[in-house]
């Protein structure tokens, strides 16, 4: 078989291989729904190359309706995939208008006023329009991360290639074949030559973004408590320390501990105990008004405030305790009195977070010793002159 035959196989093999790879990624991580349209886009691109290279389904005059339709659908699906990835709304009306315009124009320059160069101009202008519309929607949704910026760059690159190819075709730098068609022309060589590079770049960006999300998920799991969804001790201390170092302002701590939690476990079982921990964590998160909330022990929670006065801390503690008192917890009998004891501490001098935790913990101990179900503020330390 000739080298030309193997070269003709290259693009379909690359596109179909990427379609399978992306489909496997979607199967492994189904919540990443953007992988599905991207997989179909590569499938359509592979089929389009097959129909173009072997002139399948070509109409009289060498016009390949199927190939052009498949290429157009592949571009739209790739744009949809990018929009889904950045959680932007897909502009169905916009895509629909461009599709209808392209279809009518293609049929006109195929059947009414046949012109290959006009069809080339039409298709490239349509691709440019799809790119601009997609980038506009992505920008409107907010480009929040470096991965999002790469997706914008991918769409922009696709649009830029269409602009360059259009200019070169109109200027004669990418001429058609001797019969005035696309097959075996310099123009088609630019399409078949650049598409694999663009495909590799697209897949690399999507895989890179997936890797970033996996790392972020692992970090989330490492810093959060699986039962309550709050920060764990490590995550809480990291977040609070970072905030203290960044702001250099006064901070405050609240440590809350569930009263008589061992009795809850002994009397109702550990499953009900988990319900209690989850309910207390939710009440503190919703009513604690804190910058960071964490579960730092079995039944112990910590709240960090960048700015809060002593009186504000007392009010917040009372509101959180009242909210818990009103909350029904599955598994506990009606009227069961579930309470928490709270230790409060306002940062003094240049205290570190560890020192603040010690002081808040001592205040919590005094709250327990004073009869529980109360909030106690740590005493202010006197400065010696």
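Positions of Cβ are set from backbone N, Cα and C atoms, glycine also.
Marked as transmembrane segment by TrEMBL: 6-26 (among others).
Per TrEMBL, the feature transmembrane segment maps to 38-57 (among others).
Residues 32-38, 40-42, 44-45, 47-49, 51-52, 55-57, 95, 99, 102, 106, 110, 119, 123, 126-127, 130-131, 133-134, 137-138, 141, 148, 151, 154-155, 158, 202, 206, 209 of the same chain sit 6 or more residues outside the transmembrane segment (63-85) yet have a Cβ under 8 Å from a Cβ within it. The transmembrane segment annotation in TrEMBL covers 63-85 (among others).
Summarising the annotation, TrEMBL assigns transmembrane segment to 92-111 (among others). Outside the transmembrane segment (92-111), and at least 6 residues removed from its termini, the chain residues within Cβ reach (under 8 Å) are 59, 61, 63, 65, 68, 72, 76, 79-80, 118-119, 122-123, 126, 129-130, 133.
The transmembrane segment annotation in TrEMBL covers 117-138 (among others).
For the transmembrane segment (150-174), the residues of the chain that approach it from at least six positions outside its boundaries are 75, 78-79, 82, 85-86, 117, 120-121, 124-125, 127-128, 130-132, 134-135, 138-139, 143, 185-187, 190-191, 194, 198, 201-202, 205, 208-209, judged by C-beta separation under 8 angstroms. Taken from TrEMBL, the feature transmembrane segment applies to 150-174 (among others).
The transmembrane segment annotation in TrEMBL covers 194-216 (among others).
The annotation domain 'GGDEF' is assigned in TrEMBL to 249-380.
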On the DSSP side of things, how many residues of the domain 'GGDEF' (249-380) fall into helix, strand and coil, could you say?
-> 60 helix, 27 strand, 45 coil
So what's near the transmembrane segment (6-26) in sequence-distant terms, Cβ-Cβ under 8 Å and 6+ beyond its ends?
-> 32-33, 35-36, 38-43, 45-47, 49-50, 53-54, 192, 195-196, 199-200, 203, 206-207, 210
